[in-house]
Amino acid sequence: MDNYTVLRVIGQGSFGRALLVLQESSNQTFAMKEIRLLKSDTQTSRKEAVLLAKMKHPNIVAFKESFEAEGYLYIVMEYCDGGDLMQRIKQQKGKLFPEDTILNWFIQICLGVNHIHKRRVLHRDIKSKNVFLTHNGKVKLGDFGSARLLSSPMAFACTYVGTPYYVPPEIWENLPYNNKSDIWSLGCILYELCALKHPFQANSWKNLILKICQGPIHPLPALYSCKLQGLVKQMLKRNPSHRPSATTLLCRGSLAPLVPKCLPPQIIREYGEQILDEIKISTPKNMKKQDSNRVRRALGEANSASMQEEERGRKCSHTELESTGTTPAGNALERAARGNPESGNPQEHGRHTSPASPHRPWWERHGPSSNVEALEKASILTSSFTAEDDRGGSVIKYEENARRQWVREPPEALLSMLKDADLSQAFQTYTIYRPGAEGFLKGPLSEDTASDSVDGDLDSVMLDPERFEPRLDEEDTDFEEDNENPDWVSELKKHVGYGDGPGGQLLGERA
């Protein structure tokens, strides 16, 4: 700390503090994360710094250095002087963002997410509070304290550290999650940018979870285009395999031609080749460009005629994520990076073909009643838990990631535990404690009176069939992570004393 002067505290959480510091040698300001080091988890706490140091991308908060002093780990990062995206949304006070601004920010976030996914990293806590802005228009993804570094592209994720408003359906179902779980959270951010509120609001855990899993999505304001509405719906599909990957979002459909426009020339010159390579999607063998019939045959589409009709009649519920051999964003970036913007025949780069994925299980379409049962009598408050929070940021690398057979909890389990539960500050917390709290689930973007009627009936959340429709694009890549303790619902029961009396703690805050 000898080379740094603390200017002020800019954030605080269960991990410790976030400080604005001045580096005396360079007279530059940086953000410094101060993490308490416990003897039992010192190595684990250091892994966030190791992971962050590996991420070099214009849309990821840059790592400066890390060091230890007096029982603390200090991670020095670039300071984003525009604050976080949550603060920016709240500053609007109901005034909608222009669509061009939303798309510019969203594409930059997607570029950052795509970068970490290409490196087999799951962020696990993507939310508007963890997206940072600069005064010169850059958007950067930060806070990798919950991230996991994977050693294999195909493994199941079993534990989840995140924020309830952004938790995808598969987690409430006690099912494994993968990179598409990050995409769900990304969809929630896009909805917040458009509507200035959370996509799902309720006054009970039961209805919140049911809405997340099967309820309809409240339409975006009429100001925004049909394509933007469809993009949100694609990212909030219940089945993870039906959600587009970050690469698909960037290289196909309406976002593709906008990617070069969201990056200043300096960034394109410095990172153009890297970004171009990251947004490539492998072309199936023997597939000719611009031949839609060959694309359909290569992807195993059973009914070409019906697919053509669906494409012609596509409305707001679908995005333009067709399987094509060319990517507009890639071509534009390559021309800019090579200093030849008028060239129409950019040199082909080698494509990386993803390994064949094992057969994926079919996801049932009913609500996550097991989780709702398990949390029936629990209340939620802002308090931190546990060893995972106390040890600060952590990254765990596994050498073996074998797929497992997953056994679902009985439908009554979580519903029973959540019955009569009160909700408070679920945006920041994931803690279950004994009943006694007042209030309802209220996040920073919640309306003053959160009613279940916002996006569903008070007593019954209607199923939205559109959220169960598969995407047309089947050429996509998923990767997942593994953990030695797969069943978080069982752990939840232990902490809340399910079956042995009233509750206790479950999970802690990830600020």
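Each Cβ is built from the backbone N, Cα and C atoms, and glycine gets one as well.
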Swiss-Prot annotation, phosphothreonine - which of THR44, THR319, THR353, THR477: THR477
Model confidence over the region 'Interaction with VAV2' (1-282), averaged pLDDT: 84
Which of ILE10, ALA18, the listed binding-site residues, has fewest other Cβ atoms within 10 Å: ILE10
Three-class DSSP secondary structure - ALA18 (ATP binding site): strand
Set of same-chain residues at least 6 away whose C-beta sits under 8 angstroms from MET1 (N-acetylmethionine): ALA69, TYR74
